Amino acid sequence: MSASAVNVNPGRNVVVVGTQWGDEGKGKIVDWLTDHAQGVVRFQGGHNAGHTLIIGGKKTILRLIPSGIMHPGVACYIGNGVVLSPEALFKEIGELEAAGVDVQNRLFISEATTLILPYHIAIDQGREARRGAGKIGTTGRGIGPAYEDKVARRGLRVQDLFEPEIFAERLRENLDYHNFVLTQYLGVAAVDFQQTLDTMLSYADRLRPMVTDVSRRLYDVNAAGSNLLFEGAQGTLLDIDHGTYPFVTSSNCVAGAATAGAGVGPQKLNYILGITKAYCTRVGSGPFPSELYDADNAARQEAIGLELATVGKEFGSVTGRPRRTGWLDAAALRRSIQINGVSGLCMTKLDVLDGLDEVKLCVGYKVDGKNVDLLPRGASEVARCEPVYETFAGWKESTVGIKEWDKLPANARAYLSRVQEVAGIPIDMVSTGPDRDETILLRHPFKV
């Protein structure tokens, strides 16, 4: 269904979150919903997660700038919960402007956003190299170390760039600490103070027109009737608190993070849309109970898993890493629904299951001989989970491009209906292909 064909209520706010380990297809859905939003907000993460959009057959990958930038007239916001690499930001702006997209007149960056500096990247990559086989799977872009500095109260913010003397003083203090770690513990080269200072201050004048009090601006435009769409990155099971720790990202990926990461009150969030693929994927290390295929693990290479990866084109949009694949895990989905307070689900990539003889759904686990119906909290316990499956007859008909529920194959509807039943909440949207209009709408998030 075309998003523009729906009338919605003004002044409503929707949060889009991934319910799995990221890569759920949030970018397409955010793009679809943006037809009814006047602003799109990033509230956590950095340029470590890519959102892939297919618009008019053209593929665009956005890593930092909100997906709404592809819609003329839509304001885009980077909140204080994001960690910002100016280098990555201006590279992305350059790519978009070269394609004719107006960016700098519509992009607003919180003055309180923490900066990613060269020493964060050096530490990130140095640590991962030192871990060897025990690596976490970081993208090496400095996101984690930047969040560490933020929590340790030594982070440098965007607003600090506009006070060069204070910035230089704090940068020198930070480098005294971080260069000791780099040279004495990680055994890599130190980061040069003057070069870093000159590079970072060179961004100040270019950033200044986009920097503002994002929290205040969001409050004002929403009060005036604008609909806001909060765009989560990564997924709930990668959340620093609620994910499969320590195999997680360094920020809170859950819906509640939209309030702290953008500076809005929780009562302003009207609807939480949870995005889930019709199967599961994971990139990098960490437990994965329903796993079928892992290119790096000979014991996890079932043919059906490779088929899901191949048909679903499961390669990271930023890293290019092959994703591990498995059946949809409803017990993990229930955990995500509870944590986020999900209002309704959007099921993506249903078409990847077309042609399978049978489809399985993990509805719980056996853990140390006990039945468990919810994903455990710790990685070691999750690693001991033995999936309990329900099996469904597959469908040979194609679901690609279907825009109405009743036109789905009967077996596909049966599978989706069971997912709703086990999840305990409705499926409000179904994606049947990569193009934005290949979408079934059952209940509109901006109208509920």
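From the backbone N, Cα and C atoms, a Cβ is placed for every residue, glycine too.
Copied from Swiss-Prot, the annotated features are:
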ACT_SITE  Asp23  active site, proton acceptor
ACT_SITE  His51  active site, proton donor
BINDING   22-28, 50-52, Arg323, 349-351, 431-433  GTP binding site
BINDING   Asp23, Glu24, Gly25, Lys26, Asn48, Ala49, Gly50, His51, Thr139, Arg153, Gln234, Thr249, Arg321  IMP binding site
BINDING   Asp23, Gly50  Mg(2+) binding site
BINDING   Ser317, Val318, Thr319, Gly320, Arg321, Pro322, Arg323  substrate binding site
| said: Please report the distance from the Cα of Gly50 (IMP binding site) to the Cα of Gly25 (GTP binding site), rounded to the nearest angstrom. | reply: 10
| message | These are the binding-site residues: Gly22, Gly25, Gly50, Gly320, Pro322. Which one scores highest on other Cβ atoms within 10 Å? | response | Gly22
| query | Reported as an integer number of Å, what is the Cα distance between Gly25 (GTP binding site) and Gln234 (IMP binding site)? | reply | 10
| remark: The recorded positions listed are Asp23, Lys28, Asn48, Thr52, Leu350; by CA-CA distance, the one closest to Pro322 (substrate binding site) is Asp23
| query | Using Cα-Cα distances with a 10 Å cut-off, which of the recorded positions Asp23, Thr139, Gln234, Gly320, Arg321, Arg323 are near Thr52 (GTP binding site)? | reply | Asp23
| Counting other CB atoms within 10 A of each CB, which of the binding-site residues Thr52, Thr432 comes out lowest? | Thr52
| query | Nearest to Gly320 (substrate binding site) by Cα distance: which of the binding-site residues Gly22, Lys28, Leu350, Thr432 is it? | reply | Gly22
| said: Under a three-state reading of DSSP, tell me whether Leu350 (GTP binding site) is helix, strand or coil. | reply: helix
| Closest to Leu350 (GTP binding site): which of the binding-site residues Asn48, Thr139, Gln234, Arg321, going by Cα position? | Gln234
| query | When a 10 Å sphere is centred on the Cβ of Arg321 (IMP binding site), how many other Cβ atoms does it contain? | reply | 15
| request: Give me the Cα-Cα distance between Asn48 (IMP binding site) and Arg323 (substrate binding site), rounded to a whole Å. | output: 15
